[in-house]
């Protein structure tokens, strides 16, 4: 099968000054001394040497944390998976693709928890899924074409956007989602946007769908979270298949993260029902702010290193 040459994960000594700086090679691959490289980085499809205990522990811990966030906020967990995979040694491109694979089992666990409480709108999810499946193909194509530095800044811009909307808008607990012809068409269009961003960033898209369903379509915060988790499943599968064909998915890493998330997603769902919608929004904004600050620092360092190369 003809695929683009896989980006390699390499480690160098502490004194290495490879283009990119701050432990990043020219293609965005980690070169930080002491930073573990996931075992399947050389193949993209999951082959290679065995995981070290440290690598396995980081992947599993990432999955456990991801599951709580997924159930609590109605997201796929890419905001924690992608940074963790980058720290382990993957480029932003491979981390985003692998994150999308991990979201497949994560979304299943989360949506079951919400569906048992009646907090899923199946028709809205179906309409969104139509757009998401198509959009994820476009996102996968962009992921394979965009330069590493562009992916970094798109990631930061996405985080800032979500932080702002979480602070300025509080969803309702007793809202109702009403569908008609125009709202149905808008849901399909929203799905295309969500799918495209999901493919590029390696996220499930819940950070976009959840506020859009609440603010734009009147859904309660719990209904919006449950519905967005359901939509993530077909979108994540579609994007992962496309990324697999391009040779940028590290499947074993994604499965470990996803299996960990399956265990803790019900806990996040339970917490979501106990706290107020406002508290949930502020907690999510605080978490994303930490990621945004780190993302800006990494992008600036990578950009300076590229200019000095």
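Note: Cβ is positioned from N, Cα and C throughout, glycine not excepted.
Caution: TrEMBL annotation is automatic and unverified by curators.
So that you can see what the record holds, here are the features copied from TrEMBL:
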REGION    1-46  region 'Disordered'
TRANSMEM  56-89  transmembrane segment
TRANSMEM  95-115  transmembrane segment
TRANSMEM  122-143  transmembrane segment
TRANSMEM  149-169  transmembrane segment
TRANSMEM  181-210  transmembrane segment
TRANSMEM  222-242  transmembrane segment
TRANSMEM  254-275  transmembrane segment
TRANSMEM  281-302  transmembrane segment
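Proximity of distant same-chain residues to the transmembrane segment (254-275), defined by a Cβ-Cβ separation under 8 Å and at least 6 residues beyond the stretch ends, is recorded for 51, 56, 59-74, 77, 81, 84, 98-106, 108-110, 113-114, 117, 221-222, 225, 240, 283. Below 8 angstroms of C-beta separation, residues 70, 73-79, 81-82, 95-100, 103, 106-107, 124, 127-143, 146, 151, 154-155, 158, 162, 171, 216-217, 221, 224-225, 227-229, 231-232, 235-236, 238-239, 242-243, 284, 288 of the same chain, each at least six residues beyond the ends of the transmembrane segment (181-210), sit close to that stretch. Between the transmembrane segment (95-115) and the transmembrane segment (281-302) there are fewer than 3 Cβ pairs closer than 8 Å, counting only pairs 6 or more residues apart in sequence, which means the two stretches are not in contact. Residues of the same chain lying 6 or more positions beyond the ends of the transmembrane segment (222-242) and with a Cβ under 8 Å from any Cβ of it are 70, 73-76, 97, 100-101, 103-104, 106-108, 110-111, 114-115, 117, 119-122, 124-125, 128-129, 132-133, 135-137, 139-141, 171, 173, 175, 177, 191, 194-195, 198-199, 204-206, 209-211, 213-214, 249, 254, 272-273. Tertiary neighbourhood of the transmembrane segment (149-169): same-chain residues 28, 79, 82, 92-93, 96, 143, 197, 200-201, 203, 207-208, 211, 214-215, 281-282, 284-285, 288-289, 291-292, 295-296, 298-299, 302-303, 306, selected by CB-CB distance under 8 Å and a gap of 6+ residues from either end.
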